[in-house]
C-alpha cells in the first residue's frame, strides 16, 4: 500500500515537472510555421499536388531530432549553442558564425514580417505598407511580455500556435483532400522535375530553421527543477507535442493547396494574395478569412521568435547586448524597404526560405559535435545511433543545397 502511494506520488511529481517545463519547444515550433512555410507549401501543393508531402514528413522528423539536441545542449551544459561555439572555436570562425547567423535571422524575419503584413492587408483591406505598420505595433506589444519573464511569452506564442493549427483543421474541412492520395504523397518520395527540387529545398529551409536551433538551447539553459535527466525527459515530451502540431500544420497547408488549387486547375498559384483571392470562390469567404487570420497569427508570433533568436545569437557569439525594441526596429527596416520598392513579397518569402536552408548545416555541425562530447554532456551525450542519424541529416541537407545551387546557376529553377 505504501509502495503504491509512493509510486503515485512520484508519478504525479513527474507529471507536474513535465507541465512546469512545457513551453520552450512551443516557442521554437512557431519558427516552423512562419509565413515562409505558407508561401512555399502553397506553391508546392498548387504545382505538384500531394507529391511533395513526403518532404514535409521527413523534414519534420529531422527537425524534431534537431530541436531535442538543441534543447539537450542547454540542459546539459547551462550554455546555448552560440556560447559553446564562442568558447570552443577561434575568433575568426566565431565572427563568421555570428555574421551568417545574423543574416539568416534577418532573412527569416523578413519573411515573417512581410507575411503578417500580407495577412493584415488581406483580412482588413488595408495597403501592404499599412499592414506592415500594424505588424510592427503588434510585435512591439507582444515583445513587452518578455519583461514579465519567459512564461507569459510562452503562453501567448503557444496559444497562437494552437490557433494556427485549429485554423488548418477548418481549412482541411473546407478543402476536402483525397485522403488516399494524401497518404500516398506522405510515404512515397517523388521529385518529378527540377522545379520540384527547388521547392523541396525551400520546404526543407522552411521546416528546419537555423535560428531556432540557436534559440532553443538558450530557452532550456536556465530550466530548473528535477535532475538533468528529468528535465531532459520532460523536454522530449515538450518537443514531441509542439513539433507534431507544427508538422500537422505544414502538412495541412500543402494538402489544402493541393486539394483547392492543383486539382481545380489552378497550378500557377504562387503568391499569398492570389491564394486568398482564389480560395474565396473555390471554397468560401470563411475559408479565405481563416487563411488570412492564420497568416497574421503565424507572422506575428514567428517574427517575435525571430527577434528573440537574433538577440541570443548576438549575446552568445560576441557578448553584445542591445535592447529588444532597438533590434526590432532595425530588423523591420528591410521589410519596409522591400514593400516601398514594390518587390514581389511572395517571391521574397520563397527565396528567403531557400537562403535559410544554407544555414542549417552550419548550425547542425557544431550542435552534433558538442552534443557528442561526453566531457560536455555527461550522461546526456548522444548515442551512436543519434550521431549516425545526425550526420546523415547534414549530408542530405548539403547535397540538396548543392543540387539547388547548380540548378539555380543553370537556370533550371
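Along the chain as shown, the residues are counted starting at 1.
The backbone N, Cα and C atoms fix where each Cβ goes, glycine too.
Predicted, not measured: the structure shown is a model, and the values here were computed from it.
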### Message
Tell me if residue 15 and residue 348 end up on the same side of the membrane in Swiss-Prot.
### Response
no
### Message
Looking at 76-95, 156-175, which stretch does Swiss-Prot describe as transmembrane segment?
### Response
156-175
### Message
Labelled transmembrane segment by Swiss-Prot, one stretch among 126-145, 306-325. Can you tell me which?
### Response
126-145
### Task
Would you mind listing the long-range same-chain contacts of the topological domain 'Periplasmic' (176-196), meaning Cβ under 8 Å and 6+ residues beyond its ends?
44, 47-54, 56-57, 251, 255-256, 258-259, 263, 407, 412-413
### Task
Report the mean pLDDT of the predicted model across the topological domain 'Periplasmic' (345-350), rounded to a whole number.
70
### Task
Count up the helix, strand and coil residues in the topological domain 'Periplasmic' (259-276) according to DSSP, in that order.
10 helix, 0 strand, 8 coil
### Secondary structure content of the topological domain 'Periplasmic' (40-51), with strand meaning DSSP E or B
9 helix, 0 strand, 3 coil
## Note on the structure
Note: vs the transmembrane segment (197-220), the recorded stretch with the largest number of Cβ pairs under 8 Å from 126-145, 156-175, 239-258, 351-370 is 351-370
